[in-house]
Amino acid sequence: MLLGVNIDHIAVLREARKINDPNPLDALSICKLSGAEQITIHLREDRRHIHDNDAKAIIEQSSLPVNLECSINSDIIDIVCKLKPSRATLVPENRNEVTTEGGLDIKGNFEKLQKVIDKLHANEIEVSLFIDPKDEIIELSKELEVEWIELHTGTFANIYAMLYSNLASTHHSIKELELSKSELKTKLSKSIKQIETSSKLAKKLGLKVAAGHGLNYQNVTLISKIPEIEELNIGQSIIARSVFTGLKQAIIDMKELIKND
């Protein structure tokens with residue numbers, strides 16, 4: 001199982017004090033030496049963490065492939081084409097969101113996506129679509145002739161957290177998931193099944209399958225066991241653990257959990 005380490009949250013720490021430390025660039029060699037196969041960053045329209053100069057330096061200096069997450073905003077796509085990351089993962093964006101809340105609306109943006117994908121391909125950039133695990137969306141993604149899809153695991157992660165962590169007893173409790181344990185277990189089972197079904201369909205259609213969002217040290221093994229998924233992109237939980245263990249050990253710990261024996 002390949003691991004892409006999202007280093008956005010190093011920039012989040014920097015931006016919390018509006019200074020130049022910590023520098024996300026310093027994470028590159030640690031990620032490689034610790035066994036990561038990819039660096040993932042998100043160049044948001046609002047530049048809330050990673051900035052243009054960060055993205056440029058990371059892409060130029062990383063010895064690992066860089067997966068650049070971005071919206072389909074034309075100005076952002078122009079920047080991505082100049083930066084030339086190994087891969088661009090197209091994601092939805094909402095300025096008011098804390099983090100990405102769901103997958104792309106493929107059906108509603110099909111024509112615009114086709115133009116964006118064609119432009120990225122013309123610049124020799126591999127393309128992935130960040131999507132919800134639904135069969136119709138998988139099939140539309142295939143029509144768009146992308147190389148990858150990344151399945152949004154946020155719903156799965158939220159259900160898992162409400163069931164097996166103390167999230168429900170905190171001020172971050174997810175109101176719509178304040179259900180009985182039996183109801184949450186049923187929802188979790190259905191969520192995993194849908195991810196499995198979508199992964200199988202995508203693989204059958206010739207798409208490479210990644211997954212990410214909300215994955216952590218507690219829930220990741222349920223996703224890493226799905227054989228059709230080749231890659232996981234994980235950020236916040238790794239950076240959070242690194243505060244206590246150091247980044248190298250945090251990555252090693254995650255690699256150990258997701259390895260395929």
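Positions of Cβ are set from backbone N, Cα and C atoms, glycine also.
Quick caveat, the model's predicted, so the values are computed rather than measured.
When Swiss-Prot records Arg17, Gly214, Gly235, Gln236 as binding 3-amino-2-oxopropyl phosphate, the matching candidate from Asn6, Asn23 it lists for that site is Asn6. Around the Cβ of Glu69 (active site, proton acceptor), the number of neighbouring Cβ atoms within 10 Å comes to 26. If you take the CA of Arg17 (3-amino-2-oxopropyl phosphate binding site) and look 10 A around it, you hit none of the recorded positions from Asp8, His9, His42, His49, Glu150, His213.
Ranked by Cα separation from Asp8 (1-deoxy-D-xylulose 5-phosphate binding site), the recorded positions Glu69, Glu150, His213, Gly214, Gly235 are led by Gly235. DSSP assigns Glu69 (active site, proton acceptor) to a strand in the three-state reduction. Rounded to the nearest whole angstrom, the C-alpha distance between Glu69 (active site, proton acceptor) and Arg44 (1-deoxy-D-xylulose 5-phosphate binding site) is 8. The two recorded residues, Glu150 (site 'Transition state stabilizer') and Asn6 (3-amino-2-oxopropyl phosphate binding site), have Cα atoms 14 Å apart.
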